Amino acid sequence: MNCCWQVVEPCYKSALSYLCVKVGNICMLKENLVLLKSAFDELKAEKEDVVNRVNAGELKGGQRLAIVATWLSQVEIIEENTKQLMDVASARDASSQNASAVRRRLSTSGCWFSTCNLGEKVFKKLTEVKSLSGKDFQEVTEQPPPPVVEVRLCQQTVGLDTTLEKTWESLRKDENRMLGIFGMGGVGKTTLLTLINNKFVEVSDDYDVVIWVESSKDADVGKIQDAIGERLHICDNNWSTYSRGKKASEISRVLRDMKPRFVLLLDDLWEDVSLTAIGIPVLGKKYKVVFTTRSKDVCSVMRANEDIEVQCLSENDAWDLFDMKVHCDGLNEISDIAKKIVAKCCGLPLALEVIRKTMASKSTVIQWRRALDTLESYRSEMKGTEKGIFQVLKLSYDYLKTKNAKCFLYCALFPKAYYIKQDELVEYWIGEGFIDEKDGRERAKDRGYEIIDNLVGAGLLLESNKKVYMHDMIRDMALWIVSEFRDGERYVVKTDAGLSQLPDVTDWTTVTKMSLFNNEIKNIPDDPEFPDQTNLVTLFLQNNRLVDIVGKFFLVMSTLVVLDLSWNFQITELPKGISALVSLRLLNLSGTSIKHLPEGLGVLSKLIHLNLESTSNLRSVGLISELQKLQVLRFYGSAAALDCCLLKILEQLKGLQLLTVTVNNDSVLEEFLGSTRLAGMTQGIYLEGLKVSFAAIGTLSSLHKLEMVNCDITESGTEWEGKRRDQYSPSTSSSEITPSNPWFKDLSAVVINSCIHLKDLTWLMYAANLESLSVESSPKMTELINKEKAQGVGVDPFQELQVLRLHYLKELGSIYGSQVSFPKLKLNKVDIENCPNLHQRPL
């Protein structure tokens with residue numbers, strides 16, 4: 001008997017255990033269903049939170065983590081299965097309750113097995129749901145690695161194929177860690193380096209990152225480090241406070257920890273640079289450095305493994321490049337002269353391009369012969385040298401009118417590769433007196449834009465997105481012209497030079513223009529070498545670290561016409577000696593911390609342009625009442641807001657033609673909008689803490705930039721009545737505006753911050769030229785453009801938009817109900833943060 005029991009016992013216990021589990025599942029079915037529903041609801045809420053975090057991260061360009069993607073996929077599967085199971089349980093329960101007692105007795109056996117099966121499934125699903133819950137992901141997305149290669153635009157080339165092939169072959173050799181590319185300015189070194197950069201796309205799997213850094217004659221290690229840091233995505237909020245040593249450590253740490261295979265492309269080195277000081281580890285098999293320079297000596301000092309010279313074009317290639325654009329073949333005599341002119345360009349692509357543009361409009365033999373005579377008059381011993389090239393390039397300058405020539409040389413005051421806003425450049429020219437404003441400022445600006453077109457057409461300026469810049473060789477040529485040919489005029493240009501004090505000047509009386517743009521100058525003390533009087537006309541000191549300007553610095557500058565002190569954040573006051581600047585026409589104090597205008601400002605009777613924008617500590621601008629010739633006044637974003645007293649002063653300035661303002665009082669805004677003259681000349685307005693309608697703002701016909709902070713923005717204009725009733729209907733709404741309406745036609749930049757009742761910005765449909773939009777901390781905004789309000793308008797919004805910033809808009813669900821194209825918006829100009837309901841990125 002015992003033997004039999006020993007055989008049966010394991011089976012008995014197993015069956016009993018199985019039966020207990022089955023009975024337990026039946027007995028616990030209702031309780032487990034309740035637990036399953038509760039756990040399922042918690043899992044769904046957890047999933048929703050994770051999805052919102054993922055969407056927010058992806059809107060900022062992040063990629064969801066693989067572990068998060070797997071978890072979401074598992075949750076979606078179990079979500080569907082659990083829903084089906086709970087539906088079955090609900091249906092069974094309902095069927096059981098509706099069945100008769102007889103039917104329940106007849107189906108007891110089948111019901112028992114069905115209940116047992118259901119109970120088992122519910123218990124199993126409950127276990128699965130619990131296993132997926134409570135993951136508590138610290139991070140759900142990560143920033144994708146930077147693209148291996150940032151492709152750069154490159155113009156059509158002639159004669160570089162052989163050099164490109166040779167350079168590429170050398171670069172691909174393991175033993176070549178560093179290559180130096182040398183050649184004279186304008187020969188095509190940057191173009192070659194650009195082609196090399198783009199060629200890495202073909203072998204992107206071999207490298208992790210290709211870094212392009214543009215150097216310059218005055219560039220320092222810090223600026224190179226900044227460019228590398230940006231490319232490696234390690235420039236956080238503290239980066240700007242780091243010393244060069246700290247930056248080098250960070251760069252080195254990232255490169256060593258990541259162990260990337262990287263290529264560093266340094267364009268336009270003028271002297272040797274310590275790679276160790278930058279933070280580049282000892283070059284190994286995975287590292288490559290390629291640099292360009294005008295000097296072969298730099299290649300030697302940098303210890304390049306191989307030096308590659310970019311030579312000038314052959315005679316045939318030079319003619320192909322020139323004739324490709326000018327087409328001289330049909331005119332035999334002109335063609336013969338053109339070939340001689342091409343020969344004078346020494347095969348230099350830049351010279352060929354500039355001369356080609358200069359001669360493109362010349363159609364007679366006399367004009368072409370005159371150009372050749374000019375080139376042949378230059379000293380032959382200069383041929384093939386940098387100055388010899390300047391002489392050739394100067395032909396284009398010689399064809400300029402006197403006014404245009406002055407405007408061209410002025411551009412050399414800005415840093416190398418600096419993109420100058422065209423409207424700002426024209427304002428400088430007007431301030432200098434290069435352009436006569438007697439027919440009004442708008443006519444003067446039109447003439448300024450015409451000059452820019454002429455300089456671009458002559459190949460002396462390059463154009464990009466309403467900005468212009470100079471090729472570094474053209475800039476060098478401009479500075480050479482000033483030093484060699486402009487009698488009695490001398491430029492001192494030390495931009496991006498790391499200066500901590502004023503440069504040494506042998507004779508201040510010979511200097512007419514000085515540019516110390518982008519340096520580290522903190523103080524301008526008394527200098528015994530200052531003469532009793534200088535002849536300085538232009539002084540650029542913007543973007544330094546100035547704290548004090550003391551002594552007789554201003555007292556000896558009665559000839560100064562343009563003074564730019566902008567973006568010196570630590571300047572809190574200016575000396576009374578500013579009253580000595582009796583010739584001053586343009587004064588830029590934007591971005592400074594001045595608390596009040598200097599007492600001597602009122603005597604500057606020739607001042608026509610005063611810029612006080614972004615002066616957050618300035619309390620009053622009342623002194624401007626004495627500036628009767630003032631044409632331009634800017635105090636957008638200034639603490640010195642418009643008040644009734646200042647409004648009367650502005651009305652009395654009869655010469656005023658351009659205005660940007662700050663307003664933080666409702667009644668002042670109403671009175672301001674009631675002034676047809678002032679409202680009509682306003683190009684920028686900063687509104688804070690106001691109740692305002694877009695219809696009222698729409699009457700500012702010249703508005704370019706608009707910022708509203710903590711404003712209650714409405715669509716109708718019923719709150720604005722009185723003086724301007726004839727110019728807009730107080731009840732105007734967005735549905736009544738047509739695309740032909742002039743409102744917002746010039747509006748290019750809009751900033752909205754902390755407007756808590758704002759739901760949409762449909763009125764931006766009519767800002768056809770909007771380029772930049774920033775919206776932040778407006779919790780009720782659900783969409784940028786309301787589809788219903790926009791119906792029938794027939795306008796595609798955001799066609800010119802280039803910058804989009806959306807922050808802390810928790811209810812924002814869409815940009816626009818319909819699909820919107822953003823033809824000019826680039827991914828790196830989209831900044832979206834904390835918009836959890838915005839599931840579709842603009843691009």
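Yeah, the Cβs are placed from backbone N, Cα and C, and that goes for glycine too.
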May I ask you to indicate which of 28-58, 245-275, 524-554, 648-678 is given in Swiss-Prot as coiled coil?
28-58
In which DSSP state, out of helix, strand and coil, do we find Thr190 (ATP binding site)?
helix
Long-range CB partners for the repeat 'LRR 1' (510-531) (under 8 A, at least six residues beyond its ends), listed in sequence order, are 410, 413-415, 418, 488-503, 537-553, 556, 570
Between Gly185, Gly186, which of the binding-site residues has its C-beta surrounded by the fewest other C-beta atoms within 10 Å?
Gly185
Candidates Met184, Val187: member of the binding-site residues with the richest Cβ shell (10 Å):
Val187
Beyond a gap of at least 6 residues from its ends, the CB atoms lying under 8 Å from the repeat 'LRR 5' (606-628) belong to 427, 430-431, 437, 566, 572, 582-597, 599, 634-640, 645-646, 649, 652-655, 660, 684
Other than Gly183, Met184, Gly185, Gly186, Val187, Gly188, Lys189, Thr190, which residues of the chain come within 8 Å of the ATP site, judged by Cβ distance to the Cβ centroid of those residues?
Thr292, Arg294, Val310, Leu348, Pro349, Leu350, Met473
Packing count at Thr190 (ATP binding site) (other Cβ atoms within 10 Å of its Cβ):
21
Show which residues of the chain containing Gly188 (ATP binding site), separated from it by at least 6 in sequence, have their CB under 8 Å from its CB.
Thr157, Leu160, Val310, Pro349, Leu350
For the repeat 'LRR 3' (559-581), what are the DSSP-based totals of helix, strand and coil residues?
5 helix, 3 strand, 15 coil
